[in-house]
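To keep things clear, I will list the structure first and then write my remarks on it.
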Amino acid sequence: MNVSAIVVEYNPMHNGHLYHIKKTKKLTNCDALVCIMSGNFVQRGFPSILDKWTKANIAISNGVDLVIELPTLYSLSSAEFFSFGAVSILDSLNIINSICFGSEIGNINALQDIATTLLEEPLEYKILLKNYLDKGISFAKARNLALVELNRDNKIMSENISKILSLSNNILGIEYLKSLLLLNSSIKPFTITREGADYKDENLHEEYSSASSIRKYLKENKNINILKDFLPLEGFLEFKRLITKGYNFSMEDSMINYIRYKYISGYKNLHNLIDVSEGLDNRIYKSLEKNFTYDSLVGEIKSKRYAYSRIGRILCQYFIGFENYDLNSLLKSTPNYMRVLASNEMGLKVLKKIKKHSSINIYTKLPKNTNTLLSLDIKATNAYSLLNNNIRFNEDYFRSPTIIKNTIY
């Protein structure tokens with residue numbers, strides 16, 4: 001059985017994601033497609049607009065065979081740890097033949113060259129990186145500048161690196177490749193050219209609109225029918241059904257009052273979070289005292305050194321309670337379990353193969369004794385239940401994976 005994998009967030013799933021699924025199947029000629037997906041919180045530091053079970057069901061209805069949850073620790077981490085968490089789980093299954101991700105460049109060799117340099121970190125690169133960091137530049141920007149200068153004698157390569165590293169999907173793809181190299185994985189990487197609007201684009205476009213634009217529309221409008229052209233049919237019908245039921249779509253603004261209440265209640269322990277350094281905690285506390293919306297809060301805190309997404313993740317981690325965990329130790333280890341969210345009949349065959357070839361713990365129901373990583377997932381869902389009244393406290397203990405039969409793909 002030829003099994004391919006994709007790493008996704010689906011916040012929410014749109015036509016660009018469906019394109020990714022179809023192109024992956026065509027490019028890899030796979031018999032089955034496994035998807036590892038962020039759960040109730042996503043990498044930019046937002047709550048997912050739909051709960052993880054609903055997202056998983058929509059994915060199965062659109063051509064995925066098995067959906068595995070990416071632990072919250074990784075889904076709310078930097079691109080480096082987000083990618084490592086996903087790839088390490090896929091690698092430990094011992095049955096994944098390939099992974100396919102979208103990138104703006106669509107050239108696997110160019111991304112592979114950069115990934116190799118970043119992983120090996122030659123001495124000149126380290127020196128250049130330190131020099132830029134000492135100037136107060138953010139790590140991501142400093143890394144880009146160091147790579148460009150490292151290749152200054154090759155003008156074409158230098159210009160290409162600068163362009164490649166300015167685009168988010170290229171950066172994430174490089175991190176997937178770094179993780180594969182670090183793990184000495186046999187999984188073969190593929191990339192496809194990303195189609196559609198940039199993820200930051202908040203305007204709806206024909207055929208391929210960004211998840212940001214769809215969330216913005218749902219936040220500001222009640223006429224769901226407008227989105228029919230931008231969502232896969234099964235996803236659109238599910239949105240209509242959820243609206244009829246009075247489903248509570250979760251947006252980032254829904255966290256703000258809980259975050260402010262936690263702060264004024266005396267929980268001033270942001271310094272325990274990995275991404276918080278150099279007095280950033282005090283900067284956040286001061287902003288919490290005078291900002292009442294998510295955008296105004298993050299907008300005031302972010303700076304040349306602290307990117308919007310980093311601040312968003314810090315706030316989301318604080319909301320959930322990450323500061324009470326030993327995050328350094330957790331991130332240095334690799335996950336020893338996979339949590340199944342949904343499957344079809346082909347996915348069940350994939351699960352049987354995983355059981356045969358891997359020692360990883362497979363959870364379709366939560367065990368009585370949970371490890372720290374899994375307990376953080378449970379805590380995240382409980383925090384999410386404050387934002388989405390369709391999700392119960394301890395929902396993780398009540399839900400089993402959905403098995404969907406007779407999907408059309």
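Here the Cβ of each residue, glycine as well, is placed from N, Cα and C on the backbone.
Annotation comment: Swiss-Prot describes 7-20, Gly102, Asn169, Arg194 as ATP binding site.
This view paints the features noted in Swiss-Prot onto the structure.
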residue	record	CB count, 10 Å
Val7	ATP binding site	24
Tyr10	ATP binding site	25
Met13	ATP binding site	27
Gly16	ATP binding site	19
Tyr19	ATP binding site	18
Asn169	ATP binding site	18
